[in-house]
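As structure tokens, the structure follows; a few thoughts come after it.
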Ligand SMILES: Nc1nc2c(ncn2[C@@H]2O[C@H](COP(=O)(O)OP(=O)(O)OP(=O)(O)O)[C@@H](O)[C@H]2O)c(=O)[nH]1
Ligand SMILES: [Mg+2]
């Protein structure tokens with residue numbers, strides 16, 4: 001990657017999307033926080049396809065995470081960083097929580113089984129009070145919408161000290177809006193913020209108009225006092241607890257509930273304000289210009305994966321591997337990238353290439369377009385595919 005993080009005189013290159021890895025010749029971008037800096041670390045968790053990456057992109061205002069209608073688009077956890085005024089929100093986009101059997105069935109990486117907490121333990125998290133779970137449920141999926149995924153419940157039960165909010169996503173796809181009330185009751189066991197169903201029954205929640213008072217809705221001060229400096233936030237669940245969780249439909253300890261559509265700008269702004277208000281005094285982790293901890297190459301390969309998922313049957317993209325062959329600045333200021341895809345089967349090579357090479361050209365074009373928006377410059381991607389011998 002050609003860009004350097006910092007000039008010798010201390011001034012920074014503008015790195016619109018990525019932070020270069022803190023290794024090799026790169027100098028990391030050190031946080032440039034103000035004296036009264038605030039921070040909130042948000043892990044977005046949920047079943048595959050709930051809309052976690054869509055929400056992360058929308059909150060960031062720029063697409064840095066791959067999104068697709070197929071499950072398991074996100075393969076490893078990545079951070080997005082949203083910095084406004086004195087506040088930094090660190091968003092953790094996680095792979096859909098999954099089980100060992102699904103990992104085997106979908107040829108997923110074993111790392112996808114890892115609890116999101118463990119993936120970010122240190123240095124990201126030093127204090128539970130600065131952390132929040134956003135649990136996303138796809139309310140348009142009628143098979144799964146009325147109960148929390150077991151893996152999600154397990155994650156919440158293992159970290160009972162971390163505040164959690166429930167986001168009922170994709171409400172734009174639900175025709176009978178009154179159904180959302182029943183769903184909320186089921187997914188919260190009828191209890192929100194320690195009280196019996198304090199959920200507002202409007203499709204546009206009241207928060208859309210009125211921002212919550214700081215500390216009053218999300219994590220009361222007494223919670224913070226209790227959680228501050230908590231050394232071991234996670235607990236191992238006993239067999240009995242796991243058994244009880246299996247029969248549990250919802251989680252009775254959500255601080256708040258949002259009825260939401262990630263594609264609605266107003267909804268996203270409302271949630272963003274909520275997170276900003278929920279941030280607590282603390283040091284920033286990243287320079288204000290950083291948008292993600294993914295390297296530019298990682299952003300590129302994950303967007304290639306997104307397009308492959310979009311255009312090909314699931315089993316093809318899941319078995320392809322990618323190698324970035326070169327990444328350089330072109331003479332006209334554009335970014336020239338070459339990526340080689342390796343397939344396990346000859347038939348997969350032919351499918352990726354498509355009739356007369358049309359599909360691979362289309363994917364390269366679409367990825368170039370997306371990356372131009374990410375890097376705010378013209379991107380020319382050369383994509384080729386080869387059989388792995
Ligand atoms: N109509 C509608 N579609 C949405 C909304 N949010 C997300 N989607 C779509 O849902 C699909 C899945 O979105 P993703 O963001 O990839 O979901 P994810 O939870 O990150 O999925 P995994 O990474 O596979 O776990 C995509 O096709 C999105 O465009 C929403 O609010 N409304
Ligand atoms: Mg995702």
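Positions of Cβ are set from backbone N, Cα and C atoms, glycine also.
Per TrEMBL, compositional bias 'Basic and acidic residues' is recorded for 210-230.
The domain 'Era-type G' annotation in TrEMBL covers 38-282.
Annotation source TrEMBL lists region 'Disordered' at 14-33 (among others).
According to TrEMBL, the feature region 'G1' maps to 46-53. If one looks beyond the region 'G1' (46-53) by at least 6 residues along the same chain, the residues whose Cβ comes under 8 Å of a Cβ in the stretch are 65-67, 69-74, 93-98, 135-138, 141, 144, 149, 151-152, 169-170, 262.
The region 'G2' annotation in TrEMBL covers 72-76. Within the region 'G2' (72-76), the DSSP-based counts of helix, strand and coil residues read 0 helix, 0 strand, 5 coil.
Marked as region 'G3' by TrEMBL: 93-96. In the region 'G3' (93-96), helix, strand and coil residues by DSSP number 0 helix, 1 strand, 3 coil.
The region 'G4' annotation in TrEMBL covers 169-172. When averaged over the region 'G4' (169-172), pLDDT in the model lands at 96.
Here TrEMBL flags 210-239 (among others) as region 'Disordered'.
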Seminar exercise, completed: Other same-chain positions with a Cβ less than 8 Å from the region 'G4' (169-172) and lying at least 6 residues past its termini are 50-51, 55, 136-140, 180, 203, 259-264
Problem set entry | Counts of helix, strand and coil residues, the region 'G4' (169-172), according to DSSP | 2 helix, 1 strand, 1 coil
Exercise. Tally of helix, strand and coil residues over the region 'G1' (46-53) according to DSSP?
Worked result: 2 helix, 1 strand, 5 coil
